[in-house]
Each structure stands twice: as C-alpha cells, then as structure tokens.
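> I'd like to ask you about the structure that follows.
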Amino acid sequence: MNKILLQCDNLCKRYQEGTVQTDVLHDVSFSIGEGEMMAIVGSSGSGKSTLLHLLGGLDTPTSGDVIFSGQPMSKLSSAAKAELRNQKLGFIYQFHHLLPDFTALENVAMPLLIGKKKPAEIDARAREMLHAVGLEHRATHRPSELSGGERQRVAIARALVNNPRLVLADEPTGNLDARNADSIFELLGELNRLQGTAFLVVTHDLQLAKRMSRQLEMRDGRLTAELSLMGAE
C-alpha cells in the first residue's frame, strides 16, 4: 500500500446563520496514498465541494482535522497554508478560472510567479506543462480564443506546474461534452503515471469515477461506502 499522503479524521462542518444550524459534513474520515487516483462520488449538495475546501485548507472544519504529509493543518498559520497550496497542492474546478487578459502560457506560469521562481525557470516549466497537455502551439492565445476542452487543459497545466503531490479536482469535466471529458480523464491518468501526482476527484459521474483506482460514495455529508464500479454502465 502507498504511503499515506493526506488523511482526514472525523471532519465535521457546520454553518450557522442566526439561530439556524446546517450540518454539511458528518465525521468524515479517509486517507489517500502517494500517487493514488481516488474519486468521491455523490449528487449535488452531498457535501463534496465543502470537503475539498477543507482538504485544501480553504476553509476550517468545525471539528476534526486534515493531516497532510504528517502535518495537521490545524497547526498551520494562514501563511503556511497558502504556501502549502502553492507548492504541494493543485486545484482543478468545473469552471477553469483562467485570467482572461493573460495568455495560456502566462496563466500556467502564475503559480510559479507567486512562488517567486526565476524567470527562466518559470518560462521553461510553463512551456513544459503546456507541451504535456498538448497545447504548446496555443501558448500565446488568450482563454477567449480557446475551446472549452483547451481551456480546461490549460487549467490542468496550471494546477500541475509546481509538480504538486496532490491535485484536488471538483467536477473537472462538468462543463465538457463526452468527447472532451474522456480526453481530460485520459490526460489526468497520463500525468499521474508521468509525475506520480495523486488525484482526488469529486464527481457525480459514475462512468468517470470508475476510471480511478478507488471510489468512495458521499451522501448527505457522510461517506457511506467504498464502491466497486468495474461494471458501471
């Protein structure tokens, strides 16, 4: 079994507005190993996106903790969490969130700029990642000049440009047609093999989830089962 990379222990998340309390996550516990490909499957409103926000240090659990590479996130300062997100974690969303006034190359380079890498290293690595996703010929194009599938490929290149140990993906193919969705998941698998990056993908699509090596089901804020989707149709 792969060495544990990320572990969450009894995560709970509750929101309160006035006297109204809403429990979104209930005692969620699981782990993901180095280089593992995992899917969390659930319908809209099941708590999947909230879970990813907690795992990425973008929000704080009401109780429980997230442990990344042996280090509890509850012990990290805001600055340390930001550095962790820049250096060790990658994020892919249903919407690409590319900066519209920047080229594909500049968008991919952004995490390296934030990390204050040297200019020559930034350019070389950003071009390397565009090549990895098959878009080196679109380096100077802005998002408005790219197709939906191309924009998502640029977003994936940006998420992986710092060679993170784990990528958190929230419905990464939700805005794509079947052909482009299939292409994106093929790409994630290839990058996993080439870079050893672990992927945690949340999705409602069983056909996409079954491509991952492990699948968990989330329902009403609880992880209810480990799924076997080899025969999913």
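Just so it is clear, glycine is given a Cβ too, placed from its N, Cα and C backbone atoms.
So Swiss-Prot lists these for the protein:
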type	residues	note
BINDING	G42, S43, S44, G45, S46, G47, K48, S49	ATP binding site
DOMAIN	6-233	domain 'ABC transporter'
> Identify, in sequence order, the residues in the chain of G42 (ATP binding site) that are 6 or more apart from it along the sequence and have a CB within less than 8 Å of its CB; answer 'none' if there are none.
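Counting only residues 6 or more apart in sequence, the Cβ neighbours of G42 (ATP binding site) under 8 Å are K48, V202, H204, E217, M218, R219.
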> Starting from the Cβ centroid of G42, S43, S44, G45, S46, G47, K48, S49, which together make up the recorded ATP site, report each further residue of the same chain whose Cβ lies within 8 Å of that point, ordered by sequence.
V202, H204, M218
> Over all shown protein chains, what is the count of other CB atoms within 10 A of the CB belonging to K48 (ATP binding site)?
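So the Cβ neighbour count for K48 (ATP binding site) comes to 21.
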> Hey, does DSSP put S43 (ATP binding site) in a helix, a strand, or just coil?
coil
> How many neighbouring Cβ atoms, not counting its own, are there within 10 Å of the Cβ of S44 (ATP binding site)?
8
> For the binding-site residues listed here, S43, S46, S49, which shows the highest count of neighbouring CB atoms within 10 A?
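Answer by Cβ density within 10 Å: S46.
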> If you average the pLDDT over the domain 'ABC transporter' (6-233), what number do you get?
86
> Just how many other Cβ atoms lie inside 10 Å of the Cβ on G45 (ATP binding site)?
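Looking across every protein chain shown, the total is 11.
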> Can you check which residues sit near G47 (ATP binding site), meaning Cβ under 8 Å from its Cβ, same chain, 6 or more apart in sequence, and list them in order?
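Once residues fewer than 6 apart are set aside, G47 (ATP binding site) is near K13, V24, L25, V28, M218, D220, G221, R222.
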